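Residues or ranges marked as S-adenosyl-L-methionine binding site in TrEMBL: Arg36, Gly61, Asp134, Leu135, Glu161.
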Amino acid sequence: RFAVSVGYWKDPYIQYFVRQAKERKAPEINRGYYARVHGVSYLIKAFLEKTECNCQIVNLGAGMDTLFWRLKDENLLPRKYFEVDFPMIVARKIHNIKSKPPLSKPIMESHSGDSLLIDSHSLDSSRYSIVGADLRFSSDLEEKLKKHRLDIHLPTLLVAECVLVYMTPQQSANLLKWAASTFPVAMVINYEQVNMRDRFGQIMIENLQRRQCNLAGVELCSSLDSQRERLLLNGWENARAIDMMKVYSFLPQADVKRIEALEFLDEKELFEQLMQHYCICWASKDSSNL
């Protein structure tokens, strides 16, 4: 929300979910978010283009993400957009949607057919569903998604941003295996930590542990290779991984110039180090040669 308020990118919906931060965030953090939002969105839009929006998106651990509304504004909604998170988070999000017309109206506008289902832990409209579930139990997850009309025959994009790292390697492997074996045509995008074995990575882990935040799956974040291998070992056919510094260098340079003028960045080295410790990985599985 802070990066949006400074002008890094436009998101008119985040204000309805997140209160304005009282303190300024560091410029390197804002640039990191900028690269993450643009990098992930670039891949999502490429998938939507390839499938001509005849697909579904499943956003895993979506939290207060606003992608559904932004895609609707750009006329890029898939056939159906699903979000999954813990029931407690889902309840908070649904409460915000119900009480804020700028959020509920677009859902109504895109809805057709039977009445819209909404209770404290799930929302189901014809184009958008929010499901309360624990990603560590894929059979429960599948059952809930199917109840909300998940179509396993549609090309499916799964998005996970800083989600898998909170599960044990076995739990995230089960989730990835489930997805690869369930959908004949699918792509997965994973944004998370990488190069965590070096000194900088160790300090990151210690800082998080101090805040009672345990990265249960951090051993899979040791390198770009370990990130890629995890996808290939769990049933995905092609996998790639690049660090966020590389992503930053791929972004449209005119816009990068614009955002670099927003705030003075003193610590260029710190920014580069930070960006080398996050990555975007994506993998696909494609029975129809899309």
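Using the three backbone atoms N, Cα and C, a Cβ is placed for every residue, glycine included.
Where the annotation comes from TrEMBL, it is an automatic prediction and has not been curated.
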Packing count at Arg36 (S-adenosyl-L-methionine binding site) (other Cβ atoms within 10 Å of its Cβ)
19
Restricting to the record's S-adenosyl-L-methionine-binding residues (Arg36, Gly61, Asp134, Leu135, Glu161), give me the longest CA-CA distance in Å as a whole number.
24
When you measure from the Cβ of Glu161 (S-adenosyl-L-methionine binding site), how many other Cβ atoms are you left with inside 10 Å?
19
With every protein chain in view, how many other Cβ atoms are within 10 Å of the Cβ of Gly61 (S-adenosyl-L-methionine binding site)?
19
For Asp134 (S-adenosyl-L-methionine binding site), which residues of its chain lie six or more apart in sequence with Cβ-Cβ distance below 8 Å?
Phe86, Asp140, Leu141
